[in-house]
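Before any comments, here is the structure.
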Amino acid sequence: MAYYTISHFLQGSVDGKEQGVLGIVAEDLNDSFFDYVFDISDDTSGVSKNITKDKLEKMRREFQYWYPFDVRISGKDLIFNHLTMALFNHVAIWGKKIYENHKECIEERSVLDRQSEILSEIEKIDLSSIESIKYFPRSFFCNGHVLVNKEKMSKSKGNFITIAQSISQYTSDGTRIALADAGDSIEDANFNTDTANSAIMKLYNLINFCIETKNNVYIFRCGEKTFNDLIFENEINYLTNKCKDSYEKLQFRDVLKYGFYDMLLKRDTYRIMCDKIHMHKDTVNFFIERMCIIINPIIPHVTEHIWTYILKKDNFLINEKWPPTEHTNYSIVMHKQYKNLLNVVENFRKAHDKVVNKSIKQKIKTNDTATNVDQNNKDTLKNQSTQEKQKVLSDDENDRDDDDEGMKYKAIVYVAPEYNDMQKKIIEILNSIINNSEGKKLPTSYINLLVQNEYVNNLPKNEKKDILSFATFLVKDNVTLNNNQYELTLPYDEIQLIKNNVDFIRRSLNLGDIQVLDNSRRFDLDNTDIHKLANPGNPSIFMYNVEK
C-alpha cells in the first residue's frame, strides 16, 4: 500500500517494463533507498549515487502526503489474510522503534503462553511518543458480497448483472442509488432491482421539479419568510448535518435516506403546509442547491446536470465545497416543533381512521337491518364483500359531499401545557437514572430500572402499565430532552404551534373544522376521557360529526 504512493515515479507501466517519471532503474533500488523514502531512516549513505537528493525528497514528500491512509476498503473474505497481513507488515516496517525499546515483547515464547503479558506490555507503551506509529493504518472498511434480490448472482439462475448491464437498464445514478441502498455492513449487500427501477422515476421527477421551478411553472411567493419557510430551511440544515455524519462513518444507506428520500419527503410536506399561500421562491432554490451538494457523491450525473444546465451555475458542482458550519447550523427547538407537528398529524390520522371505520361499520349494520327486501335480496346483500359495501358507502358519501349534504367530521385538539404529578415523578426518576449512569446517558435497560424503583413498584397494576408506556413515549420522542435531562415543559408554545398549523392538519386529515383547547377542560359534546390522554408533545384529538 505504501508503494502505491511512489509507484508512478518508479514504473511507467503496470508490468514495470517502462521507466517511471523520475527515470530511476531497478538496479539502483535497495533497502537504504526504501528506508529513506518511507521515512524509516534518515541515512542516505547506502542509497545509489545515481539517485539524486531531489528525487529522494520528492518521493518522501509524496509518501508523507498520502500516509497514513485513512481507510482501506476491502472485502470481508480478505480480513483473515490480506488485511491482517497488512497490519503485520506495517508494524514490522514502521514499528522498529517499538521493538527496540520493548525487546521483552518479542521473547522466544509462545504468544498464547504470554497473552496476558503481551497485553500488559502494550498498555505500558506510550504510542503517541513513537514517531513512526503515525504511519500505521487508521481504519479498514469491509463489505460483504453483492446479492441480487436477496439471491446470489448466478448465470444459471439468470440473475447475473454486470455494471454495464445495470447502467444500461437502470441508468448510472439509478444503479448508484440501488447500491447505496443495498447496505453498508459486513453482511452481504442486497441489490434490489425494484429500488433501481423506482429510482429512475424519482430522479426524473426531481429533474422536472427543478426545470419547472426555474421556468416559474409554479406560483412562488417572495418577500418576508413565514414560519413554514424557516422551519423547512431548518430541516434542510438538520439533514445536511445528518448526511455529513453518515458520510464520515461510511454509512451510505443513511446518506441516501437523509440526503435524498427525506429531503424529497420534507419538500412535499412543505408544499402541503404552504398550499394556497404558495412556496417561497428563495426557500425552494435553497432546497435545490443544497440537495445537489449533499447528495452529489451518490447521484453525481443528475445533480451535475441540475447544477450546470438547469441552475446554470458558473462552476461545476464537483468543485463545490461542503457548506461551512455557519451555513448548516440549525435550531434544535425548531426541529422539535417540526417533529412534534408531524407526529401530531400521524397520530391524528390513526384516530381519524378509527372514527371513519367505526362510522362505516355502523352504517352497514343500519342498512342491513333497515332494508326491507325479499329473502333472496337479503342473502345477496349479506354475501356482498365488506369492500364492496364500503365502496358503495364511500361513493354515497362523496355524492353527498358534492351536494353539500350529510355529515362532516370536525375535531377538538386537546393540548397539555404541563405533565401531571405522576408523570413529573417519572421524569424525576428518569433524570436520576441518567445522573447515576455511566456517561450521564439513559441506559437501554431504563425500563427495568424504572420497574425496580420503589415508587413505580408500589403503583397499581393499571397505573404502572400507563406510566411505563409514558416513559417509553418520552424516551422515543425526545421532545423535552435537553443536555441529557428531561424537562417538565416543552421549549416552545405547543398550543400556538398547532393553532398556526390548523389548516395543514385540517387538509392532511380532510376535516371540516378544528378547535384547539387546553386539556384542563372538556368540550361540551365530548363525553369521553380523551382530553386526559394529552401530554406535552403528544396532544389528543376528539372527532365528531355534525349534520349540516
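Placed from the backbone N, Cα and C atoms, the Cβ positions cover glycine too.
Unlike curated entries, TrEMBL annotations are predicted automatically.
The compositional bias 'Acidic residues' annotation in TrEMBL covers 395-404.
In this model, the domain 'Methionyl/Leucyl tRNA synthetase' (136-197) carries an average pLDDT of 91. Residues or ranges marked as domain 'Methionyl/Leucyl tRNA synthetase' in TrEMBL: 136-197.
Note: the domain 'Methionyl/Valyl/Leucyl/Isoleucyl-tRNA synthetase anticodon-binding' (231-351) comprises 96 helix, 1 strand, 24 coil (DSSP; helix = H, G, I, strand = E, B). Here TrEMBL flags 231-351 as domain 'Methionyl/Valyl/Leucyl/Isoleucyl-tRNA synthetase anticodon-binding'.
Residues or ranges marked as region 'Disordered' in TrEMBL: 367-404.
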**Request:** On the DSSP side of things, how many residues of the domain 'Methionyl/Leucyl tRNA synthetase' (136-197) fall into helix, strand and coil, could you say?
**Result:** 23 helix, 12 strand, 27 coil
